[in-house]
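Worksheet: the structure to be examined is printed underneath.
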Amino acid sequence: MDATTAPHRIPPEMPQYGEANHIFEMMQNMLEQLLIHQPTDPIPFMIDHLQLDNDYVPKILVLGPPASGKTTVAMWLCKHLRSNLLSVENLIARQFSSLAAGARQHYQKFKTLPSGLLVRLVQARLREEDCVTRGWILDGIPETREQALLLQTLGIAPRHVIVLSAPDTVLIERNLGKRVDPLTGEVYHTTFDWPPQPEIQNRLLVPAGISEGETARKLLEFHRNIVRIAPSYPKILRVIPADQPCVDVFCQALTYVQTIHRSNAPFTPRVLLLGPMGSGKSLQAALLAQKYGLVNVCCGQLLKEAVADKSKYGKVILSFFEKEIAVPDSIIMKVLGRRLDQQDCVERGWVLHGFPRDLDQAHMLNSLGYKPNRVFFLNVPFDSILERLTLRRTDPVTGERYHLMYKPPPTVEIQARLLQNPKDTEEQVKLKMDLFCRTSAELEQFYQPVLPLNGDQDPYTVFEHLESGIINPLPNKVP
């Protein structure tokens with residue numbers, strides 16, 4: 001761009017396209033790969049990297065002491081994510097590899113591998129096509145800080161590191177009941193995870209090195225190493241308690257590896273708040289606008305402002321207001337579109353509430369390019385909605401608003417003159433709730449992924465959940 005023509009007005013479609021297609025992250029990933037591999041000809045290298053389309057494949061380390069269940073969790077993650085599991089055992093068991101054959105002989109003799117040899121095995125395996133295209137999960141690797149540093153030196157960097165943790169007494173007791181299926185490699189337990197099939201039961205073997213003394217020695221070695229490995233992965237490491245059912249451990253691990261770490265990409269929030277009347281959308285929108293500078297766009301308020309300004313559309317809207325009938329969607333979109341196209345909405349972002357109310361309006365909003373990047377659904381029980389709305393009152397003298405339960409009038413005199421808005425009668429509230437329930441499921445399906453929130457709690461607690469949903473990236477979808 002020509003610097004002399006500043007300030008520049010960037011079309012809103014440009015940042016939306018960049019955000020939707022992860023342009024910033026793509027450029028960042030390419031730069032990382034250039035710095036790691038340092039190719040002599042970077043252009044063909046970048047083209048090949050883009051064609052691989054593997055920036056978001058799983059790259060996971062699963063670490064933990066003996067009997068913590070790390071192998072089981074790693075295998076389940078591998079099946080669920082359709083990735084590749086790498087462990088010391090399957091690396092040295094690979095056929096048609098002279099490196100693996102040498103490592104196998106060394107392991108059979110010394111029951112361990114030198115750090116350099118293990119890292120070379122990992123590096124060779126990660127270069128193969130299936131690991132490049134579908135990612136990888138390392139089970140129990142690295143074992144020492146030296147191995148972690150060697151992996152980092154080669155540019156082998158995980159996106160998620162899981163460390164399982166449990167008391168030593170629990171692990172020693174658990175290890176004594178450990179059994180292994182020699183055909184599948186699945187790990188079972190005589191007490192906690194015994195297979196129901198008799199054929200599997202009959203072929204289970206007792207693994208070597210599970211005695212109490214041997215387990216205690218391995219635990220001591222693990223504790224000595226993990227405190228030196230952990231600082232190598234400061235922002236991507238998650239400790240998960242392993243002293244709970246294996247399914248719960250797996251669920252926590254899966255939830256973590258589905259998260260996306262915060263990006264440095266520029267982000268302009270475009271927030272849509274959905275929910276029944278009385279769910280607190282207006283309050284939450286005001287709080288977001290106050291703290292983050294977003295433009296608070298209330299559809300109903302925009303229509304009233306258009307009428308007050310006596311604009312071209314305002315005169316048309318006034319005629320519908322006077323007849324007490326709904327304003328056509330096309331006119332609403334004209335007014336709403338003019339507001340969302342203004343520069344403050346483009347630069348600072350917006351929080352929209354009160355529109356859309358049905359699937360047709362959502363399609364119309366989407367077709368005109370007004371696509372939210374965060375959609376929240378405030379869920380509030382019907383009884384709470386009735387309590388919030390039917391007990392609202394207004395003082396006609398001062399204009400002060402009261403609630404008979406949460407903010408009662410201070411004097412009997414004021415209470416005697418309070419009036420109820422006709423829209424807040426129980427019949428009207430039930431009618432509007434019925435209309436909302438008819439369309440809410442379609443809206444929720446249209447705007448996937450929707451972030452559901454419990455709106456029946458303290459407003460500032462709801463606001464904290466809103467903040468978290470806006471600041472943190474949306475989780476990955478895993479089939």
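Cβ from N, Cα, C; glycine included.
Take the ATP 2 site that Swiss-Prot assigns to GLY278, SER279, GLY280, LYS281, SER282, LEU283: the candidate from ARG174, ARG392, ARG393, ARG401 listed for it is ARG392. For GLY278 (ATP 2 binding site), the nearest neighbour among the listed binding-site residues (ILE141, PRO142, GLU143, ILE325), judged by C-alpha distance, is ILE325. The distance from the Cα of SER279 (ATP 2 binding site) to the Cα of ALA67 (ATP 1 binding site) comes to 48 Å.
Long-range Cβ proximity for ILE141 (AMP 1 binding site), meaning a same-chain Cβ under 8 A and a gap of 6 or more residues, is found for LEU61, LEU86, SER87, VAL88, LEU118, VAL122, GLN147.
Residues belonging to the region 'NMP 2' (298-327) score a mean pLDDT of 85 in the model. Using a 10 angstroms CA-CA radius around LYS70 (ATP 1 binding site), the binding-site residues that qualify from GLY140, GLU143, ILE325, GLY354, ARG392 are GLY140. Put plainly, the binding-site residues GLN147, SER279 were compared by Cβ crowding within 10 Å, and the winner is SER279. Taking the Cα atom of each, LEU283 (ATP 2 binding site) and GLY354 (AMP 2 binding site) are about 12 angstrom apart.
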